[in-house]
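Comments concern the structure below.
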Amino acid sequence: MSDENDNGRPGSNPGGRAPITLKPRQGSVSAGVVKQSFSHGRTKTVVVETKRVRPHAPPAGNLAAPSSAERRQGDAPRQQSSSGGGGSSAGGLSQGEMLARQRAIEAAREHQERQAAERRAAEARAASEAAAARDAAAKSAAAAKAAAAPAPEAPAAPAPTPAPVAQAPAAPVVQAPVVAAPVQAPAAPVAAAPAAPRAEAPRPAPPPVRSDAPRPAPTAGQTRTYEPSRDRRDDRSSTTTYRPGPGAPPQGDRPQGDRPQGDRPFNQRAPRPDGPYNQRTPRPDAGGPPRGPRPEGAGGFRNDRPQGDRPQGDRPQGDRPQGDRPTQTVRYSALAPRPAPGARPGPGGPRGARPGVPASAPATPEIQRATRSAPRPGGDVGRKPEEDDDRRKAAAPGKAVSRAKGAPIRREGRLTIQTVAGDGDSADRMRSLASVRRAREREKEKRRGGPADVVKVAREVIIPDVITVQELSNRMAVRGVEIIKFLMRQGVMLKINDVIDNDTAELVATEFGHTVRRVSEADVEEGFIGAEDVDDHLEPRPPVVTVMGHVDHGKTSLLDALRKADVASGEHGGITQHIGAYQVRLESGQKVTFLDTPGHAAFSQMRARGANITDLVILVVAGDDGVMPQTVEAIKHARAAEVPIIVAVNKMDKPGADSTRVVNELLQHEIVVESLGGDTQIVEVSAKTGQGLDELIERILLLAEVMDLKANPDRTADGVVIEAKLDKGRGAVSTVLVKRGTLKRGDIVVAGSQFGRVRALLNERNEQLTEAGPATPVEILGLDGVPSPGDPFAVVENEARARELTEYRIRLKREKSMHPVGAGATSMADMMAKLQDKKYRELPLVIKADVQGSAEAIIGSLDAMSTDEVRARIILSGAGAISESDVMLAKGAGAPLIGFNVRASAQARALAEREGVEIRYYAIIYDLLDDIKGVLSGMLAPIQRETFLGNAEVLQAFDISKVGKVAGCRVTEGVVRKGAKVRIIRNDIVVLELGTLQTLKRFKDEVPEVPSGQECGMMFAGFQDIKVGDTIECFTVEEIKRQLD
């Protein structure tokens, strides 16, 4: 560092080198004066250099990299400059500084080469992508061939100067295009243009100008100049300010119309006309290697170039024209190439229209592209995003997608949800296509002079049992307010969500001109059982015979003799408690299906069920016993089912058997046999000896032939559930009788409120079957629950139909259980009155049976036992073993568990012992019903019976201290006894009812009783109101237990 007095003396340095000074070189950079203070108290004034850091990179799409030839031409002046001045004469730099500068220049050159390589790679990609645009550009290329002329290469820039300013790049080679596709060159890319003007002769670069000197306004010939933006040092390092010159188009936002679609090849812009703009090298990115200095004085000043700083005033503001641009394909990526534009006019000349853009742009459309007002992928040159947003929000009439200040712009130009729908206020301002369509329709209606008449369309409206006003309006395609107005005119005030019945809904629909089709929930049952078969498809089937009669008259033994089996010996108590179905193959090859019904009175429903599904009835009557009550009941069931009867007089092998007695007893019930001129056949049989069995079979086959029993086996199966049970290991097992069609394995069956797919078919001998034809009894496995005996079953087409049917039936069953009808029905008031009177008592029970039919028989018998005072309340009934859940349910209800032919599991037994729940097992229905009848009888209130003893009259009343009142009486009738019940009557009014004679004395001695005619003293428990003349009636009360009938 030198003193300021040594400045300007070149010879003072002994080495011949120029002194190192902080003074700025003339015309290079701006300088300033700074006073330094040292620790020893000395001060010194030094001159410092003011540098402006410009870490901006050139715009990638506007400036081309110099070719290799240009780099060689640019390197020569630098070498001459460095060698001519020696080691220190070139700008006053030392050898180390020069080496450092050379290294920086080489690094900059390598950086430019890398950029050129990247451009060439991008050009190669763009060439393949521009194939689609060649056809459109070929038409303009033909007109451009005649006017196209190649432009000469621009000279290289002179040697650099020490000033830290960026180099001026060599001018890119501009050639006339042959085709619209970009051509790859080793130096700079050649842009396609319809007519490129001839480039000017190269001019030497002007000397560097001080950056702080004022700059004149640009001339008319200098149209555009790219200069790094001073306002965006902190925003984007590669942003360049685009400043227009005089005669340039107006600044501000670009037109908001759609741009031409299609991708533009990377960096394939049209050749620039002659002029000084765009003649500078790209500036390095911030933090990159420093560029070499400009050469000083190479070629002298360019007089045509304005010097000095640019005007510091604001740029021209305002919006650009708002006309629409031709539609173009939306570029979703910021790196996607742009379509090749047309050639630009010369400086100061008039600008032609862009390719595809009309001369006069139309007005802005009603719906603008949501991405139109967003910045370009590369960003506007020299403009901050905040300024762009402010200007475009204030000036652009289109819908702009909002973006927070300082938000990243890397996704600009991409199609996103925010771009389409907007956010915040922009989403509220965005008009939908439907809104625009409605606006257009309103305009058309205004031009036509009013809205067009709406033609009402008559529809078929489906109306269920109940429907809301809203649903009715939807089905009629009418506004709900119109229906409400109509109902108001009819005097009905309803809201949109109110429910109306089907009659009102039909009236409304008819008033509006629609046709009505009424449906109901019960319509799901339609088609469950198929239609009747055509006679041409019918084939003979086996007869179904039901054996009925009184208990212990030999029905099962007779079937065993016919089947040559022994079923009766295995039954509990020797009686049948289940309905059985068997198919017997006769010696002739014919088949007969037999149904065995129980004879006990409890199984009345089973007998009725068997009579309804049979073709004929065999009425078994014991020859030694005659007609019994269940025999009469069987006759009634057969008549109700309108089926013929064959009377079989059994046990004819016994000595006391008399068939004539049986015939006479049947006459009392209007059963006339053939021997007496009737139509009922009678056969004398013996199941033990086999007497008359063949004749019985002949009568059955003859009657079946007369009845001409036929069915169609080639249709879907349907029939009746005979019995059902829950078997451990097999699940729900149902015994069904197929009436029509053929039941196959895999069919979907609906039985009552249960459905499932048939997994197995078993006959009475437990043999697997693949199918079961008409009049065949089988056991089916696969249902999801145990159906009720007597329920019809049918095969449906799919599970959806089966589920629809079962859900409807379950809903009906639940509604019936919630609202019972008949004898068991009672209102809440009646039940509360009975509970308050303590006269209504219930016995809760949980019943589990082996089959569903037995459970129904038990429940029916218990219902018959009920009276107005006591009744059995069934908490749960079902088929299957007793489980732990049954035990817990019985504990909660305080009910005993009844098991009929079933047992409890080990876990259920242990749980019942811990919880104190009683489990009772029964195998015969007699025992079960007798025990339950005894329990219900014990719950009945006993009958109180009075026994008269005697009367006494009160002669005098004594009031004794510490004792109370004592009545002095005389026994007038009978005898009075100590401890007996008394009734005190005064003036024919009972004063005390059911009092107790506590003390009885004769004179001073207590006596047990006093006979008639004697006097005594009496004192009553809890009663002191004794007066002379009262009559005392003495009696005893006896309680007698009641029994159910």
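Glycine too: its Cβ is placed from the backbone N, Cα and C atoms.
As recorded in Swiss-Prot:
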| type | residues | note |
| --- | --- | --- |
| REGION | 1-169 | region 'Disordered' |
| COMPBIAS | 103-123 | compositional bias 'Basic and acidic residues' |
| REGION | 184-451 | region 'Disordered' |
| COMPBIAS | 227-237 | compositional bias 'Basic and acidic residues' |
| COMPBIAS | 302-323 | compositional bias 'Basic and acidic residues' |
| COMPBIAS | 381-393 | compositional bias 'Basic and acidic residues' |
| COMPBIAS | 438-450 | compositional bias 'Basic and acidic residues' |
| DOMAIN | 540-710 | domain 'tr-type G' |
| BINDING | 549-556, 596-600, 650-653 | GTP binding site |
| REGION | 574-578 | region 'G2' |
Number of Cβ atoms other than its own within 10 Å, given for Asp552 (GTP binding site): 18
Secondary structure tally of the compositional bias 'Basic and acidic residues' (438-450) (DSSP, helix then strand then coil): 11 helix, 0 strand, 2 coil
Cβ neighbour count (within 10 Å, all chains shown) around Met652 (GTP binding site): 21
Cβ neighbour count (within 10 Å, all chains shown) around Thr597 (GTP binding site): 28
Neighbouring C-beta atoms (10 Å sphere around the C-beta of Lys555 (GTP binding site)): 28
Overall pLDDT for the domain 'tr-type G' (540-710), taken as the rounded mean: 81
Helix, strand or coil at Gly549 (GTP binding site) [DSSP, three-state]: strand
Secondary structure composition of the compositional bias 'Basic and acidic residues' (103-123) [DSSP: H/G/I, E/B, coil]: 21 helix, 0 strand, 0 coil
Number of Cβ atoms other than its own within 10 Å, given for Gly549 (GTP binding site): 27
